[in-house]
């Protein structure tokens, strides 16, 4: 066949293959003949099951323990139908916990496909081999001028256009390089389509342990080469991370000395197991995984990691890098053109990945960018087609200037992370995310951003400030990654507190989604407060949503945090016409980072319905929000309070502010708003603000309360003392108080039903029991799993499969109930049967209501202002509602014009962080505390952020720092004008300037003409310190309070402020207050104009049950019978509380005579009955009132009687008149009234007994609680002026009749002093406990409680140790003796140094044994690792290395780990030159590269750089061609190939000492050419073995048994019989050889009838195509561009 036809046929086949693959990806599922299984019992159990059922076990999947991949050879490798019959039996095996047939997943590389023609600067550049630099130039000092060819064009790493001032041109990478960080020691792996291992710019950094070929099942990640260069993506990404610097070739990687690996996993079928194997490759070695791929960016796909990949992400975070956590970097996506959102990508949406976005060179939004809330940060990449792109390595050892998209951003971010990880290798995966957030720079991107692509409608910056004061964007995350800032933070970073996960119960009430309308649903959370999952400071927020919709692309979904930060979870996607909805899809947002979660989270789901949907009408899908759930990730402790001031990262918005923090002394902090150092609060040793709650550490003797940031001498209730750290730590949630540890309770909370048992708080009854009325635990009913009582059948959960309905366990739900999980819940009142509890989930209706098929509601014909009752009637809404869905005040849907809707109730005042608009309360911008609108420039009051920093109001916007010429007034948080001439100041006075015009420094706070001076003066009255001038106080004397840098008396605090006694400052009142005694609205004493005083503060309107008093400007309470009123009296009611009726502006439980109560209007309406009749609802007619009753209510109870009769219990009784000293009494049997005498001590009384006095006889008696007495009871004294008995002081048991604190006897635990007062105290040997003096433990001399063994001093001969007395000191302490002030000898135990287990002193060098976590001992000190040049021996003593080694792991010369300068490390030895089989890599680090196994000597790696060949091979243009097959060697004399020794894989001779390579599992000894066993743990000392390299299986060093000799003679048998047999076999073989050789010669000469002449095989390269041999020229044969390494191997194998 002609060659042209062959090429055409192959080309057509290739196109068909591509088309078939595309159809398969877009069409139905493709199933592989592979199954992933979770098998208990390990590899042995998996192998047994595979063999039993006809599968092959391919081994463990990545790093997932007990997860295996099975293959079935009798199943189609790729099929459109699943093969469930293959694993039906397998699934029944008890060891199989889970299995799944693997499905091909469509995964695309996130490079940008060209939309314009190729530009010149996009052309790929081919290069010759790199030049070798002079070693003298390979200096450790960083040189800003690299000699790499494209360095000058790498605009994103350095400024290459000085004429433009390079304002936004780089990511501050050079700052990290200047510190000496290059990524050295950090391992990065690129998960992609492979990576060229021998690329000139990558080979020196290539790490085989970070590489694998998952697609091909080998260890070599080299890409598959084909004519389109489709598999160039991974090589390009690798170059961005770790292209070598200063090698005169191509580009420079961000981390140009990092180790780089590649994983080939995209060039084939991608399944869940393929992804898991890639993500879990060697997680203890690889530190950073970079991925620039994901689901289709087509604007319609919703997809993410499946079961195995999700487990691998979590396992990597929990166990990778020795439990520090693997770091996963992901490209956010390139679906901008299709309006895609990375919120629909489960990889970028994961909390375990760092999702990276792109920015153009101009800092603009690229046309391909996908905005979403999960993006963490941004790096530079390509923009519009005419803009410059990223330079990096390319396929076939090339270089490109056209790498694009977020594919370029993710590896660039991975390189920056490698620099930070080199600065601090102990960073956890969460530490790294914090550092990215804190260091990200929004400034280059936070501008009026015009998109770099004309079709993209986004025109403005979308940065907002969240509730923690951080700037964040859906386009760019927290901003541009800043490498210099990241390594600076990493250097001193301390680990963030442990991660807590608060998972709220789902909102499962189904809501119909209506076209053009928005569903708003609120979830209130306390952040799991009071539990072990408490989240106080947020990191990630995940919202899991399930919904149905016929056209998913019509929906937009948002979530708003309690701080007002609004995240777009899902924007409208016009190409998404799917009717699949969302099934528990997890959206994630990072925008609430640092906020506190407590409060209302608002979910908005809107059906925009603007585009036609292709799927409408194809199948019926009702648009319904089924459920949503909130999952909060974060910390219970403040993540920044955990580190010292100098190590604490600062929030990004202050990055560009001038700072002199390093110049502040201990006890001071840097005030950013005033740009100077200020004193901490007196209680703080170090701090980050001036208040008592802003401490970072405490003075000696005090304890630090982390949650509050305060210092205290004692820990309060709910805390215990950590004496070592000097901190107050939280007790367990069950403990009321505790000691020593969080769960060592000393008391319990009785209100929670807990009791103390062996220092643990336990519930009173165990599970399955309840406490009856007699406080006895009883068994629950058999139907209950748990119950509450008072009866055994009051179930909480049910046994077996029963369902809980109204506290009873039933087999199935009754009519009018529906099943939700294991509970029967009541349907809405309008539903007879239902699918949920809402009124729009009815299936059938109750009463006379009718079902609306569209809304699934049961409706009536009620008007606005009415609602339908259960009986199908229309009744009035509550008076405060205009529209409602019930009669209650919290069931409003719309309000009257003078009130606003706040959630579901109507209020006159919306409160903080909200503003009224269109009758509703809307959230302010997150930076506002109060506002007039939702925009950033509509604030009227500013927040104080979570670091305690005030924000200041200027022209409607809240600023961290006021503009020049203004200062931040902390009293009202407003920017106010400085004095004339000041451009910066601390206050309005002319002596408060900090910077003058023309940037002159002020003199004593005043701006004066140059040369003038002011004499120094002492501080003004009341000032304790005044460093900047006598009138600028930094702190005040006692009894003075600081206000605007001035000290005043407490009573002289300015208007609108109040004295804060704790901080001794005049603090601002709430904005609504005119005068106050505290900072909150509730602390107002009087209100500003337009506000009324309420119990909750000052408000523009009054709440229900209150009315406006315009005279006193306050809200006064209505009469208790009124719900709303116009005045204080009972006859001023406007509406009544539940159950009462309004009559003539009064509220009554029953209507008066002649009126009946209207149940709908709750008013009394006139009755048609006569005056002495009432309307009976039972008979439906007018009935007569009782005898002698003139008028009665509708129940027939008398309200008015005839003359001489009175009303008694609703009936008329004869009236009886009583004299003074008598009271009226009613006979219990006859109900007749009579007069009875009062007690003799009473002057008057009112009953019902004779001692119920109203007044007393005589002056020596007083009225006390209705009784006339002459003396008071125990613990009381008589106040004769007020004629009352009053309680004595709490310490007094008895007191005199004059004063409450003039004690005559004391309560237990108190002693009576000479001054007649009672003071706490107990004699020596006792302590005060619950008011009594209890004895100390017999070993204590003195003690202080709360337990008898909390000793303060010990009896003679005992040692005091941590408040305990003992005869000897425990481990970790040493004995010390001293004399106290009284001269007595004191014995105590002192703590050893933290590194010591036992010691004889407190010094580091006084250790006798080392602590458990410290292994080594050097020069008498316990150390975590031996010093350089030393290694630990078997006793863990540090010993000196061999003299040639810099570091080592043993004493011999072949146990070096690193070498001195100018030495090479080869097989554990430090050598001056590279030995045979190795070559000089010419790197700065002086490394020997290993020659290809086919070479004897070489000048570079690879099989085409040989200089000489081993025995049995021939050299041809740098390639060594073996002349024999594997297991054979070439004999020069006979020119034939002979068999190797059985131990060899390849060899140069017949003995065991002639091996060149070995079969597994043997190791190869390169010096002795020997294959031998690798030493294992427990190998006998007399056994010969070698210590092998883990991956190459090369012998690093050997161990010879004593007396064992190895020579060629070892393999020669000495037995004569053996020699005879061997000789006979040799003769037979020789005869057979000549017979066969003769026949072949005859055939080749055509002398046999079946013979054909051989065609001579040329020594040139050939290719076989369809049985036709094409001969190529010698020149083509050695052309590098036309001959790949794989092809050379093909030639070799064919030749052999």
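Each Cβ is built from the backbone N, Cα and C atoms, and glycine gets one as well.
On a predicted model such as this, the values are computed, not experimentally measured, just so you know.
Segment annotation: Swiss-Prot labels region 'Disordered' over residues 643-666 (candidates 643-666, 1651-1674). When the ranges 1598-1618, 1619-1639 are checked against Swiss-Prot, the one recorded as transmembrane segment is 1619-1639.
DSSP assigns residue 192 (active site, charge relay system) to a strand. Of all the recorded positions given, namely 246, 407, 529, the one with the smallest number of surrounding CB atoms inside 10 A is 529. Taking Cβ-Cβ distances under 8 Å and a sequence gap of 6 or more within the same chain, the neighbours of residue 192 (active site, charge relay system) are 109, 233, 234, 237, 262, 263, 264, 265, 266, 291, 292, 293. Rounded to a whole number, the distance between the Cα atoms of residue 407 (active site, charge relay system) and residue 246 (N-linked glycosylation site) is 25 Å. Counting residues of the domain 'P/Homo B' (495-638) by DSSP class, helix then strand then coil, yields 3 helix, 68 strand, 73 coil. Restricting the average to the topological domain 'Cytoplasmic' (1640-1696) gives a pLDDT of 38.
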